[in-house]
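Following this message is one structure expressed as structure tokens.
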């Protein structure tokens, strides 16, 4: 029983990073209708840039901000140069484009930073705390806190600011939003930048726990995507919940079965969700079948 | 988008007869085998194996309008069938090859039954999940040798054991047969139905035809071809491990299909050749910079090619080239080409 509790506690840690990445997927999907297979690379960019700035001797906070800024710039570039011009393409074509972006970003990162995993310094030392019998590293607390703050910030941005309301309106009805003079390019840009920031924060917070490398984005991205689908990709809270659930399932499966099978079990869960409830646990739109 | 399926444009001109085209491909392959050195023969054997897989994906993607992101799983099923049957049971690799194709076909049929009615990106995800689960199984099962894989996989033999050059002939005969089958398929009744499914599923249904069935057939065919290629690969190379049959392989296969033109059977062969040779070139250039840079450079350029080709020629390079030729010389509905 106490073992299960330990698995749950560690699962919530990774799960909250998945939740952040899943929210990035959901945001881009809702705003632009695109499944962004490159979402995990924002997490990789966040993690590797944080390491790079730490190597340069930067203090923690500026290094973290700079790392997130790097991801934001990449997100803006992708939106401006690739995704916005290609927005009228067929769904299949858009899938291929984001898969290509994912591959290219991984390649560029490997060219810049090599293939070896690097150790990223934790935000506040290597300590750990005890939580009703389970051990939790302090970095894990930072992950939880960071995920909660980012989720809250995103919620406040979408609900309480003029810009955010506009983005939400554009999600619900792009034509109407355009008629009211909202510029689709601007919204695409904001969406991609937000998604990049969310992903980069997740990656940067996770990196001290798992170490970072130029290839980490693929697995993280796929996990986040699976989380988003499980929870419902057209609902931000749903996607976050799905990410958490996936983290829990993986952690418990890795603990009781084996870490090799844990990934397989995660994909089996995905498969079940696709068959039984393709819109996800909290997705609202019934699947549109032609 | 045009809802009327482009049906057969009358009888085919003689140079478009499937048998003649396949024969031409075979003659080129034979000439290549006779004239080129041993390293080229190995290189072109790999091209042939991928071409075999991509011709299948071409039918599923280009003609049925769907994508499989898990084709490495079927390739792996074929490879492991040959590997397991020859190393764990000492049976003939031919039996392993047949078993692999059968298993892949059955798995694809069952999978198709479950997921082919899903929308494009959910379907892509479901096939991705299949590929991942297959890879995890290759790693975790004991019969597949786990992470260390299988070594000493048996050679094919017909009286005498296959040499490197024999594999080359064998692979390219298979490619010619697959291309012949695929071209005939595309120009047949089912081909017209595929075309209809691609341009409008609603219209197809309204005409009382079943789009799911033809999609499933193509999915099964693509899985069987991938397993065939995987089985021959395992026997040719002699050892396999799970790092070969990954998501990255699935994506590379998609890239090859996309570059060649998703709606052109011979474009698939050209696409594989171009991507594979380019990859080799980039690897060589990259390794002059640093040992790790070879793969990274390849990855970067592959990714950028996929993005650029999809942004500007979403039907693939060969199809775009053919389309331009057709538009300038013959009057045909432009919407069918440029869509």
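Any Cβ shown, glycine's included, is placed from N, Cα and C.
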In TrEMBL, one of B:167-183, B:184-200 is tagged transmembrane segment. Which stretch would that be?
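It is B:167-183 that TrEMBL annotates as transmembrane segment.
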Need a quick answer: max count of Cβ pairs under 8 Å to the transmembrane segment (B:47-65), which of B:20-41, B:72-91, B:167-183, B:269-289 is it?
B:167-183
Determine whether the transmembrane segment (B:123-147) and the transmembrane segment (B:97-116) share at least three Cβ pairs under 8 Å, counting only pairs 6 or more apart in sequence.
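Per Cβ check, the transmembrane segment (B:123-147) touches the transmembrane segment (B:97-116).
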